[in-house]
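First comes the structure, then the notes that go with it.
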C-alpha cells in the first residue's frame, strides 16, 4: 500500500518520518496513523517532531500498514518470534507471523539465531503487514561463525545495511552498555541476561575496548537515515531478577541511552528506549518516571516487566501484571512474554497465549489512562451479555475463537446461541435473567398502578 508514497520521496537524501515532521510535512504514513488512532494528523506530526512518537516504517517494506508508538497513541504490543539452532523452520516462523497478526500484534521482532537467517527474515517481512524489528548482533554473530571475538566494524555495519535493505523497520542496538558499567554488573545476582549485552561484554572485556555500537553510533545513524529504520536502544543491563531491579547498572545504561537518543534526533532518526525486565510491582512507576527524565520522553518499550521470578510456565501472566501497570504509567509499547519464557522456544500456540495476555494488559491500561473510546468495546460487550447475544459476545472478545470454544464445550448446539443462559448457571440461576424479570415485573406493576380508574356508570 505504501509503494507510491515511498516513490514520491525517492529523491530525498533523508527519508525518515522525523525528518519530514521537523519540516512541518504531514506524510501519508502520519495521516494513516492519525486515522486509525482517531486523532489529528497535526498532533501525530508534532509528537514525532518532539521525539515522543515514532512510526517505524522502512521504505522497502511497502506492504506494511503504518502504526504509531508513543504516549499519544494507544498502547502497542510486540510479538517476539524466531528460530534457534535447535528448533523451528521458515514455515514455522511464517506461521508465527500469521498467528501474531491474527491476534493483534502491532509489531513483530524476528529474533532468529538458527537456520538461514536471511531467508527467514525475508520470509517474515514478506508475510507481515506490521513492522518487523531485529537484533542485528545475532546476524553479526552468525556471519563471524559464532565467534564474537571476530566481530569487526565492517561486518557490523554491513549487516545493518543488509537488513535495512531487506525492509527491517527497527533495530535493537546494544549501544548504551559501556566498559565503565562492568563494576556495577559484578555486584549483581544474575549479571547480564541480555543475549546481545552478554555478547558485547565478551568482546569488550577481551579487547578492553569500548562498545563498538557506541563508538560507531553515527555510522549506524547514516544507515537509518537512508532507509527510515527506527532505533530501539537496547537495555543490555536490564535486570533479570527482582534482586537486580533498579540498580546502578540499569540506570547508568539508561542515562547513556538518553544521550544517544538526542544524537539520533539530531540526525533525524526515530528512536525508542527499551526497558526491563524483572521489576517488583512497587518499583515500576519509578522506572517509568526515570526513563522519562533521562530520555526526554522518548517512547518507552518494555519487556514485561515480570513482577515475580517463580511463575515458570505462567510468565505471560506474571509479566502481563507488570506490563499493565507500566503502560498505565506511560509506557508506549509492551514486548510480550509467552508461557515458555525461561523454559524454551515458543511455538505458535505459545505466541497466541502471550499476545492475548498482553492485549488484555494494553487494553486495560488504555482504559485506566482515559483514552477516548478505549472503553467502547467493553460497553458493547456488556450490552451483548445482558441481552444474551452470544454471537456478538464472541465477536467482541479479544480472542473470539477461545470464547466460542469455551461456550460450546457444554452447549455446542446452535440453538443455545439464542439461549438466555449458559452452562455456568443454567436457566434457573442466571443473575441477568433474574434481574431482567425483577425490573420487568416492577415496570408492569407501575404501569398498572398508573392506569386511570374505570368510571362507575
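A Cβ is built for glycine as well, from the same backbone N, Cα and C atoms used for every other residue.
The substrate binding site annotation in Swiss-Prot covers 80, 109, 138, 174, 194, 195, 196, 235, 236, 237, 238, 274, 301. Take the CB of residue 238 (substrate binding site) and look out to 10 A: across all protein chains shown you find 26 other CB atoms.
Residues or ranges marked as Zn(2+) binding site in Swiss-Prot (evidence: sequence analysis): 278, 342. DSSP assigns residue 342 (Zn(2+) binding site) to coil in the three-state reduction, outside any helix or strand.
Summarising the annotation, Swiss-Prot assigns [4Fe-4S] cluster binding site to 422, 425, 430. Here residue 430 ([4Fe-4S] cluster binding site) comes close to 420, 421, 422: these same-chain residues lie at least six apart in sequence, with C-beta atoms under 8 angstroms from its C-beta.
Here the CA atom of residue 278 (Zn(2+) binding site) lies 17 Å from the CA atom of residue 196 (substrate binding site). Within 8 Å of the centroid of the Cβ atoms of 422, 425, 430, where the record puts [4Fe-4S] cluster, the same chain has further Cβ atoms from 421, 423, 424, 426, 427, 429, 431, 432, 433. The binding-site residues shown are 278, 342, 425; of these, the one with its CA atom nearest the CA of residue 238 (substrate binding site) is 278. Residue 342 (Zn(2+) binding site) and residue 236 (substrate binding site) have their C-alpha atoms 17 Å apart, to the nearest angstrom. Here the CA atom of residue 425 ([4Fe-4S] cluster binding site) lies 51 Å from the CA atom of residue 236 (substrate binding site).
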